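Feature list (source: TrEMBL):
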- 74-83: compositional bias 'Basic residues' (COMPBIAS)
- 112-124: compositional bias 'Basic and acidic residues' (COMPBIAS)
- 196-291: domain 'M23ase beta-sheet core' (DOMAIN)
- 1-88: region 'Disordered' (REGION)
- 108-145: region 'Disordered' (REGION)
Amino acid sequence: MARHRRPEPDLAFPAVPRAVDQSSSGPPPVDAPGRGPDADHEAAAVSAPLTDRPAHTAQVGQTPPRGPLAATRRPVRGAHRRPGGGAGGRVLAVSVAAGALLTAATSSAHAATDEHTLDRRQADPDESTGAAPSHAPQVLQVSQVPTLADFADQLERARVREERRAAREAEARRPKTLMPVSGTLTSNFGPRWGTTHYGLDIANTIGTPIVSVTDGTVLEAGPASGFGLWVRILQDDGTIGVFGHIDQALVSAGQRVRAGEQIATVGNRGQSTGPHLHYEVWASDGRKADPMAWLNARGVPVVPDARA
């Protein structure tokens, strides 16, 4: 079923008579801002019907003729108005120029920085090779952490050193010569009833400790004629110490002894008149020396109650 179309309105504009005054000799009116020949021409074109437009065509660069109606008519701003060069254009130009200056300054700064960095690397080769600056954290080389076994070993070595030190001090304080036994001196070195007594007799009870007079080496320990039982020691000065009438020998031949070390006990063996120690000193040539003089020469005085 066909629909009836609505009649379209007549859009024809009434013709406006245009009069051109060719005799006008005055200067053309000054265009207001935003107005010009193009704007007036566009306004006249819009207001006039298509059939009433002028037939002439303006040459390039020639201003079309203007009439008295155009001078008095209020200009109509067309939709295709050319943008003017106002403050906005100047702001844009200033912005572009400022951007160019900023770019140039940044490029110069980067170039100066690169040149300064290159100079520093040439002046300081450590920085160019990646060496850490002095204020950077330093890696310390730490030795291996000791274990419990290491501490035990250190303690053991310290103990050994302390023992050796104490031994040296004791050795320095230790007397090098002393009396062989405590007791009473009952007979001295010299003539006795038509014979010679070659030693010192020091009386004491059986079992009293007898010690070595000096450091030395045991030559013999055992039975001996007239002494019952004896011990002979090669003393460090080359003499031989003889300990007779002993009850018991506590050392053996070849044993190393020190001054003050017990070697026997007081006895009453052999040709003896009572429990005592008979001590003699034999020189290296076999000659028998006075034991009292020998002891006194080595700083061992014979106590008064030990003399006969």
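Note that Cβ sites are derived from N, Cα and C of the backbone, with glycine treated the same way.
Where the annotation comes from TrEMBL, it is an automatic prediction and has not been curated.
These figures come from a predicted structure and were not determined experimentally.
Taken together, the residues of the domain 'M23ase beta-sheet core' (196-291) have an average pLDDT of 94. The DSSP breakdown of the domain 'M23ase beta-sheet core' (196-291), given as helix, strand and coil counts, is 1 helix, 52 strand, 43 coil.
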